[in-house]
Amino acid sequence: MQDQGVTTADQQGNVDIPQPQAPAHFRSGLEEYERSGEDKPPFVLTYTEVKLLGIAGVGFFLDAYDLFIINPVATMLQYRLYGGQSLPANLQGLLKAAANIGSVIGQFGFGYCADAFGRKAIYGKELMLIIIATILCITTPTGSISPNGSLIYLSIFRIILGIGVGGDYPMSASITSDRAVLRKRGTMLAYIFANQGWGSFVGSLVTVIVLACYKHVMNVEGETSKVDGVWRIVIGISLIPAFATLYQRLTLPESKRFLKSQKAAEEEEMVDSKNVAVKEKSLSSSTSNEGSDVPVIPEEKKAHFKEFFRYFSEWRHAKILIATCGCWFFLDIAFYGINLNQNVVLQEIGFDGSSGTPWEKLFKIATGNIIITALGFVPGYYATVLTIEKLGRKVIQFQGFLMAALFLGILAGKFYELSNAAFIVCFALLQFFFNFGANTTTYCYPAEVFPTRYRASAHGLSAACGKVGAIISALVFNTLTASIGTPNVLWIFVGCCFAGAALTLLLPEVAGRDPDVVLAEELKERP
């Protein structure tokens with residue numbers, strides 16, 4: 001690790017960053033801190049770090065819970081609204097894409113605001129939006145309006161839910177990265193993102209438990225319409241961890257790293273203002289016989305958007321942003337194409353609920369979702385947690401894309417020939433390398449590669465591009481599958497993985513790299 005790539009941390013988990021005027025002071029400060037913790041691996045956390053992960057990680061748990069729970073809920077709504085028949089194709093696509101549509105708005109909107117107004121001013125507001133939207137979702141009047149109207153009602157409030165879910169991406173990433181020491185930064189971010197696996201797993205588990213409670217009334221008494229209570233309870237349970245975390249988020253203090261980045265930005269503005277004044281004075285002196293002094297008039301604080309645009313107008317920065325956006329976009333086309341349409345997978349492994357009573361069908365689907373999540377989701381995330389500081393983000397992301405392409409290719413090429421056991425193994429490995437790969441690192445990269453003052457905005461823009469890919473998959477997967485067949489759709493996903501691997505080559509390795517120090521050095525080079 002180079003000396004200039006290190007920082008210092010206090011007991012509250014805040015991290016000091018080097019200022020352009022005195023980088024040596026911060027280098028020497030962190031060397032002592034780093035030596036004090038070298039005897040422990042990065043994945044061994046302090047109490048302060050565990051507390052931070054609890055605050056930020058619960059948000060990601062809820063994100064995954066809310067995003068992936070729509071699969072079993074959509075199946076339940078078939079029995080409540082359409083007598084067991086499939087949902088209308090267009091409304092089904094809207095329902096599944098709704099949260100991702102909202103996420104696009106929330107990711108960039110909250111990300112920009114976090115940089116412009118500060119993390120403390122914004123953090124917690126996205127969770128409040130999630131809570132309000134969740135309550136509104138479970139009030140869907142399925143017995144008072146038409147079936148199509150019910151789906152539209154639910155979709156509208158899931159869009160609002162998605163705005164809050166999307167806002168959590170840049171907020172939690174920036175909050176964590178601002179407070180993490182360099183040698184643990186990637187591990188901390190991977191820990192937070194791993195909660196997505198637990199959110200999906202717990203969502204499936206809760207569905208099984210609630211369905212089991214309704215077995216008698218639905219399966220014995222034959223009151224299938226009672227499934228209306230099941231999906232409302234399943235969605236409503238997510239309010240428990242949301243309320244438990246809200247106070248901590250709203251009262252979290254601003255990090256020292258962000259405060260110092262703002263101070264550095266203000267100092268740069270003062271220097272720029274003085275330079276402009278000197279030039280104006282020189283120009284005035286050369287054109288005026290009086291030669292009077294030109295007063296230095298302080299400029300108003302620059303709009304964050306202008307600063308953001310100026311920074312990324314340089315190709316060396318723009319290409320990194322293009323890569324983080326592009327990698328996330330291509331990943332989510334494939335990742336959400338598979339995970340928002342798991343009925344195809346469940347059918348292949350015999351858990352599609354094609355036979356039995358309505359309750360038995362729903363219970364079998366919920367069980368299949370647990371199997372899928374346990375086999376690939378959770379193990380893949382923690383493989384990244386344990387190795388991200390040793391292997392690096394670039395290696396994990398590149399190999400993850402290639403291995404996902406390999407297993408997608410096997411599924412596409414042998415789709416009608418694989419046995420159930422072979423299909424399960426192949427699909428589990430696919431999920432493993434999604435998560436021990438690009439699904440985790442595309443979240444980590446924008447939080448680590450960009451300077452603090454642009455971090456949340458860049459992360460939000462990158463995540464929003466990913467959600468655009470997810471929306472495309474949600475809206476066109478079923479239609480495209482009907483027209484060209486599932487194997488050909490899987491081949492499209494293979495191409496997306498190769499495109500993501502190619503874009504990964506534009507990214508630098510960020511292990512031990514402090515983007516604020518890099519920015520300070522770049523500012524010194526400016527004329």
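Placed from the backbone N, Cα and C atoms, the Cβ positions cover glycine too.
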Could you tell me which of the ranges 229-247, 324-342 is annotated in TrEMBL as transmembrane segment?
229-247
Which range, 51-69, 127-145, does TrEMBL list as transmembrane segment?
127-145
What same-chain residues lie close to the transmembrane segment (229-247): Cβ under 8 Å, and 6 or more beyond its ends?
54-55, 58-59, 61-62, 65-66, 69, 72-73, 76-77, 80, 124, 127-128, 130-131, 134-135, 137-138, 203, 206-207, 210-211, 214, 362
Does the transmembrane segment (457-477) reach the transmembrane segment (151-169) with at least 3 CB pairs under 8 A, where each pair is 6 or more residues apart?
yes
When you scan the chain for residues with a C-beta under 8 Å from the transmembrane segment (395-416), skipping those not six or more beyond its ends, what do you find?
327, 331, 334, 384, 387-388, 422-423, 426-427, 429-430, 433-434, 436-442, 445, 486-488, 490-491, 493-494, 497-498, 500-501, 504-505, 507, 509
What parts of the chain pack near the transmembrane segment (422-445), using Cβ distances under 8 Å and only residues at least 6 beyond its ends?
169, 173, 186, 189-190, 193-194, 197, 324, 327-328, 331, 334-335, 338, 345, 348-349, 371-372, 375-377, 379-381, 383-384, 387-388, 393, 396-397, 399-401, 403-404, 407-408, 410-411, 414, 462-463, 466, 500, 504, 507, 510
Integer average pLDDT (0 to 100) for the domain 'Major facilitator superfamily (MFS) profile' (52-512):
86
